[in-house]
Ligand code: 2PG
Ligand code: MG
């Protein structure tokens with residue numbers, strides 16, 4: 001049981017220079033804070049992020065959400081004992097009273113939930129990942145295979161009708177730190193290839209720290225990534241994955257990539273050919289958020305061969321996941337805490353995925369902050385995969401650096417297990 005002494009929220013800035021909410025929660029043990037992230041290619045079914053819509057910050061201010069913490073949540077929880085995170089999160093949900101957190105805003109509820117999770121860990125004298133492990137019933141902690149978004153496209157690079165994320169997947173290593181090193185070295189080799197081929201501007205960075213070569217087609221991008229992997233000396237150990245974010249280029253039942261139209265059936269063939277040519281190991285949001293038949297078609301054709309990840313499709317919601325499980329629409333969950341709005345519901349989503357033999361990838365948002373909560377979350381859940389952007393820009397490296405710290409802490413007890421398959425895989 002922990003007594004919340006006070007909660008205070010403030011408006012701070014995220015990595016895109018947009019306002020976001022930070023909450024600071026105090027207990028007898030100290031002060032615990034958390035900052036919420038924010039997406040650009042958001043799913044229609046996500047929990048609601050409250051924005052002011054006023055003149056300041058071009059409508060993007062979050063003072064209403066801040067006010068909801070300070071005048072509605074804080075008076076109700078301050079001075080009160082909570083036995084568990086679940087109890088606080090249920091209380092916050094009932095205070096909101098809507099299905100998508102639209103009354104208080106997910107950006108008001110989530111930072112309080114995250115900060116209280118930190119407080120509970122401290123009261124138990126546990127590290128955050130250990131505490132999350134206890135809440136979620138994890139037996140053995142696992143360091144994730146990092147999915148590094150090295151080429152940014154789509155909304156994260158100011159483009160339309162474009163694949164959004166092109167990721168390196170360093171899985172064939174014995175430890176997380178070796179995987180991160182190999183991925184980062186490959187990132188730098190890729191930078192050299194891009195500069196040589198397209199000039200210096202091609203190596204400018206997008207929202208998630210990946211390069212944005214303006215004139216490189218999808219084929220060019222994937223070829224350059226393959227070349228970078230082999231020049232870095234990691235063929236067979238570093239693989240390639242995509243997040244298409246296809247809801248962004250879906251219109252009237254068809255998909256438009258780079259000016260070319262595809263029916264869902266043609267898109268399945270298109271992806272299957274990419275898998276064949278570039279050895280892709282994972283494709284996220286290959287189909288739009290409500291194109292269930294497209295998802296089913298793709299999963300029945302490719303689901304045994306590659307990982308098929310639902311992001312906008314699932315929005316970290318147990319009810320959307322249940323529909324996807326029943327329809328056999330995908331085989332992996334992308335877990336984003338702000339899509340659902342509490343830590344407890346995020347843990348529930350992960351547990352449902354595990355029970356359904358799905359994989360779980362814990363993900364950042366394109367608008368991030370220095371908060372590294374999700375690094376502890378991915379290890380605490382033993383999710384096995386992380387998607388935290390490129391190994392560049394501090395809002396991304398904050399997460400990788402925290403994973404390095406956790407790896408070191410676990411190594412001291414001989415338990416720094418890595419989710420990758422090791423050098424021979
Ligand atoms: C995604 C995310 C994170 P955004 O689509 O998976 O990479 O992007 O946060 O813009 O929704
Ligand atoms: Mg996505």
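Using N, Cα and C of the backbone, Cβ positions are placed for all residues, glycine too.
Where the annotation comes from TrEMBL, it is an automatic prediction and has not been curated.
TrEMBL lists 243, 311 as binding Mg(2+), and of 276, 284, 345 the one it places in that same site is 284. When TrEMBL records 156, 165, 284, 311, 363, 364, 365, 366 as binding substrate, the matching candidate from 191, 260, 328, 387 it lists for that site is 387. By the rule that a residue counts when its Cβ sits under 6 Å from some atom of ligand 2, the binding-site residues 156, 164, 243, 284, 311, 363 yield 243, 284, 311. Annotated substrate site 156, 165, 284, 311, 363, 364, 365, 366, 387; additional same-chain residues within 8 Å of its Cβ mean position, judged by their own Cβ, are 39, 41, 149, 164, 208, 243, 334, 336, 389. For residue 156 (substrate binding site), the spatially nearest entry among the recorded positions 243, 311, 336, 366 is 366, judged by CA separation. Close contacts with ligand 1, defined as a Cβ under 6 Å from any of its atoms, occur at 243, 311, 365, 366 among the recorded positions 243, 311, 336, 365, 366.
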